[in-house]
Structures are given as C-alpha cells and as structure tokens.
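J.: I'd like to ask you about the structure that follows.
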Amino acid sequence: MQEDLELGNQNFPMVLVQIPMYNEREVFKLSIGAACRLIWPLDRLIVQVLDDSTDPTIMEMVSTECGKWATKGINIKCERRDNRNGYKAGALKQGMRHSYVKTCTYIAIFDADFQPEPDYLERTVPFLIHNPELALVQARWKFVNAKKCLMTRMQEMSLNYHFTAEQESGSTRHAFFGFNGTAGVWRLAAMEEAGGWKDRTTVEDMDLAVRVGLHGWKFVFVNDVSVKSELPSQFKAFRFQQHRWSCGPANLFRKMTMEIIRNKRVTIWKKLYVIYSFFFVRKIIVHFFTFFFYCFILPTSVFFPEVNIPTWSTVYFPFMITLFNAIATPRSFYLVIFWVLFENVMAMHRTKGTFIGLLEGGRVNEWVVTEKLGDALETKLLPQVRKPRNGFLERINSKEMMVGIYILCCASYNLVFGKTVLYIYLYMQALAFIIAGIGFIGT
C-alpha cells in the first residue's frame, strides 16, 4: 500500500470497521480507540460501533467515546437498535443495512475486547486487493492476559493449537476454514453473494464462512498478523464460552449438511472436507471420543479385567496432540500434561453442548456474553472487582466434582486390585477434575 500513497487517497478502497458490543464497560474504550488509530486515509475509513448495551450509563459512555473520536476527524458511527434479536448476528445484520455500508468494499470486524495494531489494515487488505478470488483474510489472536492464571495459560495453548493445526492447515490445503468471528477482513461482495449474516445459530461467523466457501470463494489465514485480545479468566465464563463454541457448530452441522451435499459450486473433495473433517471430526466426534473414552470407558475398564484396551490407543492421540501443542506454544511445554488433562475436563462441557446442538435442546441458542476485565488486568484493580459473599461455595462446580470422585475411585480400585499402572493416569485426571470442581483453576 505504501507504493500507492503517491496516487492519492482515492486509490485506497473504502473500509468499514465494525465493533459489536453489549454492556462492555471494561473494554469499549480499548477497542474503539484501537479501531480509530488504524492507519488508513480518514476519508476511506468508517468505524461503526454496534452498541446493543442495555445499561444507560454504559450507553452514554460509549456515545461520549464515539463523540471524542469524531472531533478528531474520524468518521465514526454509533448505531443502536431497540431489541437484541439475534444477538451479535442480529446487530451485524442491522449494521449492514445502513446506506453508507454500500460505499465500502471491505469490512473488518473486531469484538469489543480486540485491539488491532495500527498497521492491521495495511497488512491485510492488500491480500484482498491483489487476489480477487479471496473473500476473507483472518489474523491470529494474541492474548494480553495469557499469564494471568493457570486457566488462561491452558486457553492460550488450546487456541495456539487451533490456529496452527486447524486455521493455518485449512488455509494452506483447502483455502477454507471457519471464520473466528473477529480479527478478520471480509470482501463485502462475497458476504452479499452468500446471503449475509444469519442468526439461526450462535456461531454466525462459522455459518457465514461455510456459505461463502460453498460459493467458491477462498480464505487465507495470515499467521504473522496478530490482534490483541482478552481470555476469560473466570471458569464460569469460560464454560459458557465453550458451551457456545461446541453447541453452535453442532447445530449448524445439523442445519447445513444437506445444503453442503447439494451444492454444485465446489468440488466433491471440498464438500467431503467440510462435512467430514471440518464438522464431523473436529466439531463432534473429537468431543465425544475425548470425554467418553478418557473419562468414562478407560476408568470403568479397571472393574473388568477381561477388557484389554491396547496401550497404543490410550497414548497415541494425547502424544500427537501434545507434540503439536509443544510446537504451537513452546514456552508452555512444561504444562502440556496438565493441558491434556484439562482438555479432558472441558470435553465434558463440550460434549454436553454438542448433544444440545445436534438435538436442538433448550439451551441451543443460549448466548452469554463472556465477562471481561479490560484495564483491570494491567492496572491491578482486580481486588475491586465484585466477588460473591460466599466465594468458596460459589466456586464449587458439582459436575466436575462428581466425575473427579468417580475417576478417583476407579484409580484407587486399580491401585489395589489391578495389574496395570493405569491408576497413575487416573489419579492425575481425577485431580484435574477436582481442581476444576473446587474452582481453583481461574481467578
């Protein structure tokens, strides 16, 4: 883009930056400020704040912040609606209806806790300009609070593995992967061709990506461009997030399988990749297998000595995932064993969410905004965050405790009566469940 500066601002495409938010008291200034500091000609940039807040105080604060940047010459719009239908997808859909959006060629989307670097557009938009077959440029995430507690370290490892093993490989092999919902730049024409945002599931980002991919568009994941974000540091918030991230894809798989099969625009190999690898294996089978095998079948097998589970089957998958994780997050290598155990704990919630999504149960469209702490992370204001009076009791998670106690009993039985050393793994897995059960894994 630097070579185009001499040609004047008109050579730059119009870019819309969307920031959906809902009562984001702690982080709204960070995201709005970062968006307004993006290096791009002011007359070719529109910042659209989609504020679904219901708290009048926060609404006033957001309006004031938008007004502050408007006085500095930023073309910033603060858009609100009189309902929250469709949650984030509904807000994005409503935001696209404004007339000024039609003047834009590309749309960058950032959640309220994301802070792009000033050169973000300069490093991503050229991919779309010079590759007309591209619909999406996705950047990776980096985390401002990864070292906050053990749980945030575990999340960093999981997400780094996701970006390396799923996003980067999908981009390289098939030019397709799931949009992460933020830190990406879309081509408006591709979005419109695929039908725009839909609120039929809680994973509107994945829904849009699949539909755009089925229209023959390609995606690219840019590993060396990263956007700062915040990880949930409270276990309850993390569980709600994981429920949404597992329930939504399963529900989308239920709704889109036949649509993918009937599609005539892409090859059968790409359809097979989307149905089998992207959805069936990664979004459904992996959760079921992880929880039922490692947290139920394997522990229960100690009561049935005639059942012989091959050692390789219990070691191969954890070993390979651990190897990939060590490559993705080398500084956390010493935590990989507990990370595998923690992933097994979370597999319980992911399995439940997947069942609800496949069966369209009562919580299938549940959307709980992930709680964020924003500046409190850097200014050491955490003690001022309100805590429940019965702090310890509030932290107890009964499901994790029950599973942990069951695996503990299995481990003890194997130690006393068994002829294998399976109890070593079972004791460690039970400890991981109990640590999560008493709430000692987050802030």
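Cβ coordinates come from backbone N, Cα and C, glycine included.
Summarising the annotation, Swiss-Prot assigns active site to Asp52, Asp205. Sequence annotations record features per position, and here Swiss-Prot assigns substrate binding site to Asp111, Asp113 based on sequence analysis. Residues annotated as transmembrane segment in Swiss-Prot: 284-304, 321-341, 400-420, 421-441.
Context for these features, please: burial, neighbours, distances.
T.: Around the Cβ of Asp52 (active site), 22 further Cβ atoms fall within 10 Å across all displayed protein chains.
Within 10 Å of the C-beta atom of Asp205 (active site) sit 21 other C-beta atoms, taking all shown protein chains into account. In the three-state DSSP assignment, the secondary structure recorded for Asp205 (active site) is helix.
When other Cβ atoms within 10 Å of the Cβ of Asp111 (substrate binding site) are tallied across all protein chains shown, the result is 23.
Outside the transmembrane segment (321-341), and at least 6 residues removed from its termini, the chain residues within Cβ reach (under 8 Å) are 150, 153-154, 156-158, 160-161, 163-165, 428-429, 431-432.
Residues 295, 299-300, 302-303, 305, 345, 348, 426-427, 429-434, 436-438 of the same chain, all 6+ positions outside the transmembrane segment (400-420), place their C-beta atoms under 8 angstroms from a C-beta of that stretch.
Counting only same-chain residues 6+ beyond the ends of the transmembrane segment (421-441), those with a CB under 8 A from a CB of the stretch are 149-151, 154, 235, 294-295, 298-299, 301-302, 314, 337-338, 341-342, 344-345, 392, 394-401, 403-405, 407-408, 410-412, 414-415.
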J.: Taking residues 6+ outside the transmembrane segment (284-304), which of them lie with a CB under 8 Å of any CB in it?
T.: 246, 249-250, 253, 314, 343-344, 347-348, 350-351, 353-354, 358, 403, 406-407, 410-411, 413-414, 417-418, 420, 422-423, 425-426, 429, 433
J.: What does the structure give for the C-alpha distance between Asp52 (active site) and Asp205 (active site)? Integer Å is fine.
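T.: For Asp52 (active site) versus Asp205 (active site), the Cα atoms are 18 Å apart.
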J.: To the nearest whole angstrom, what is the C-alpha distance linking Asp113 (substrate binding site) and Asp205 (active site)?
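T.: So the alpha carbons of Asp113 (substrate binding site) and Asp205 (active site) sit roughly 17 Å from each other.
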J.: What is the separation, in Å, between the Cα atoms of Asp205 (active site) and Asp111 (substrate binding site)?
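T.: Spelling it out, the Cα of Asp205 (active site) and the Cα of Asp111 (substrate binding site) are 12 Å apart.
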J.: Let me know how many other Cβ atoms fall within 10 Å of the Cβ of Asp113 (substrate binding site).
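T.: Its Cβ has 24 other Cβ atoms within 10 Å.
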